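Per TrEMBL, the features are as follows:
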type     : residues : note
DOMAIN   : 3-120    : domain 'Response regulatory'
MOD_RES  : ASP54    : 4-aspartylphosphate
REGION   : 147-167  : region 'Disordered'
COMPBIAS : 147-161  : compositional bias 'Polar residues'
DOMAIN   : 176-362  : domain 'CheB-type methylesterase'
ACT_SITE : SER183   : active site
ACT_SITE : HIS210   : active site
ACT_SITE : ASP306   : active site
Amino acid sequence: MINVLVVDDSAFMRKMLSEMLANHDNIHVVDKARNGKDAVEKVLKLKPDVVTMDVEMPIMSGIDALKEIMAIRPTPVIMVSSVTKAGAETTIKAMEYGAFDFISKPSGSISLDIHKVEQEIIEKVLYASKVSLMKLKKEPLPKVRKNQVNLHQESHSTSIQKSKEPSKEQVKNFSKVVLIGTSTRGPKALQSVLPHLPRDFPHPILIVQHMPKGFTKSLSERLNTLSEITVKEAENGEVLKKGVAYIAPGGYHLKVRTIGTSVAVHLDQNSLVNGHRPSVDVMFTSISSMPVQSVIAVVLTGMGSDGKKGLVRLKKAKRTIALAEAESSSVVYGMPKAAIDTNLVDEVVDLNDVATTIIKYC
């Protein structure tokens, strides 16, 4: 039996989440808490297996409670966040402080359609109960990369952004593209990869991170501050540039299409694939039919098997180097294992070595 502590300042949300979790035979809601301070005390007293934690609460916020819990009694925590800019930014930071994952409230703090996330929260609680706490704790918080900013006298944000833009000569005629697919704990994994790529990275990077609408922009902005390459949320129709990482917007599949001699982003809202939109399989499959000579395909931590079928298509259609994250560093080994099971993965790599391995094949 998995004992869960439900934390939310809304009595309605506490009741709804508890009822959802109680629908699973192997989950028991051991207690509820109404703020972060109450949550920390009950974690110490009750020692739950998993905590669901509201982000915004009085007395002590969810992120402050998360920090205390991870410091004094590490426990898998699933953040429950509103889809607001502030909520999304705080949720991305929570991943850095050790949160296992998050779910989004469908429409605000009190919502009758919260049942839409019932299957998601149950699945994440089941996975969280099995996770190695060392994998949630061991990585230090990332530091903002300011090297290129310090080279210039100007410090306002527009000049900084301009300094990171690739030159016009980089826009066309690339022969290779890097693809990265990830899900659970992906934001933290990406922080172990993208900041270690050089500013003059010679290829475009396309990324599918399973996230709902409203969160991927905050993720891309955060990663951009940590990286020397440019990291942005992909926009429909923009031409792919070398040294830029494009993250699929939540709620959209990330594909590519040709515009003259260039390759450009194509976003659509076709049906979910493997229960996801964006889907790694969709991105891999789209690239397999494009005029790109070779591909580096990377599968990082995540639940499920998204990317497995697309990898098979990529290997048949393109010169593809496939990398999968090693079980030793994967918080959730589902997606990497599914890729490895195809027998098409060229290297199984610890997360800390993914960036250098990508560079090796460039």
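Each residue, glycine too, has its Cβ placed from N, Cα and C.
This view paints the features noted in TrEMBL onto the structure.
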residue : record              : CB count, 10 Å
ASP54   : 4-aspartylphosphate : 27
SER183  : active site         : 25
HIS210  : active site         : 25
ASP306  : active site         : 29
What mean pLDDT score does the domain 'CheB-type methylesterase' (176-362) have in the model?
96
Could you round the CA separation between SER183 (active site) and the residue listed as '4-aspartylphosphate' to a whole angstrom and send it over?
21
With DSSP as the reference, give the number of residues of the domain 'Response regulatory' (3-120) in helix, strand and coil.
55 helix, 28 strand, 35 coil
Spacing of the two Cα atoms, ASP54 (4-aspartylphosphate) and HIS210 (active site), in whole angstrom, works out to 20
How many Å lie between the Cα of ASP306 (active site) and the Cα of HIS210 (active site)?
10
DSSP three-state assignment for HIS210 (active site)
coil
